[in-house]
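Engineer: When I checked Swiss-Prot for this same protein, it listed these features:
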ACT_SITE  79  active site, nucleophile
ACT_SITE  279  active site
ACT_SITE  281  active site
MOTIF     392-395  motif 'LIR'
């Protein structure tokens, strides 16, 4: 199809065209996208639909200044924050819409889809906005406008999720390359209630059985599991490659955060030795809700062929993401990880242990401190938030 490059660019800024996957040629190698397998010779339309349906968060400009006097664009520094938003958004899509949900332009979508989008708008009163993430990053030692690594973004999402009552996600970020099954089940089976910092300091947090909106005990909060890893010193150790790629085959896969130094991507799959990613390095204008309360969603879906890079060119600092909707889903994840991914490694990518290591400090599930606002509104200072648990966390990889 003949096209004018200038007009194509203008269309992309305002209303992207649905493009062919010319960048992904026919191959005997299957393509895996977040737990789904495709044949490029026969499944290109389905593959295209799957990739386009992922929520795509990029640099934005002309939003209200962060903190009132800070930057009004995240161009140049917010790429890892945007990748973290994409991973979390995929978890929320799986939770509310299901992995098989597909986006179509100009089609009415479920109300939950709009609710998910509104969690990530570039406004200070949206739970996972660039404003909230940047300001929560201050508590992780990152100045507003400073580049984040994958582990720092994971820690920020874990803390912001405590203010997100609609999704009620349990966010677990592994430490010391170890995933502790017992700790995850403790966190997912109980829902924290707001407590004072004095109570948290004395480990007297108030907990109650997780309940759904009807008041019945649901028994399990949906789990966002993030595993920060360093898969080498300066480059990825080839011994980890097969296990890393195998994680994208799992039905619980949320992909991975990573990329190159100061240049983050959201990895969603692979084909052969090529790893496929969504790229946040496009600056688009801030989008707000319309009068009807809906969000114009065209610019939140990447309607062009996917990007890819050689897996060995990936920076070794990454964070794998997984979503487990219920306890059976998590048990299945544990079984596959142990028997099919970690067991066959000469050097294990990370450890999965059933019990809390006795030499570790006691596991204290995170609770939301008392704040003067509701939800995630106006988290202006994080100096005193969560300082109790910080001593137990590894905050850099």
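Cβ coordinates come from backbone N, Cα and C, glycine included.
Are these features on the surface or tucked inside, and what touches them?
Structural biologist: Under a cutoff of 8 A between CB atoms, and with a sequence separation of 6+ in the same chain, the neighbours of residue 79 (active site, nucleophile) are 59, 147, 259, 263, 264, 265, 280, 281.
Contacts of residue 279 (active site) defined by a Cβ separation under 8 A and a same-chain sequence distance of 6+ are given as 58, 265, 302, 307, in order along the sequence.
According to DSSP, residue 281 (active site) is assigned to coil rather than to any helix or strand.
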Engineer: Through the lens of DSSP with three states only, how would you label residue 79 (active site, nucleophile)?
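Structural biologist: SS state of residue 79 (active site, nucleophile) = helix.
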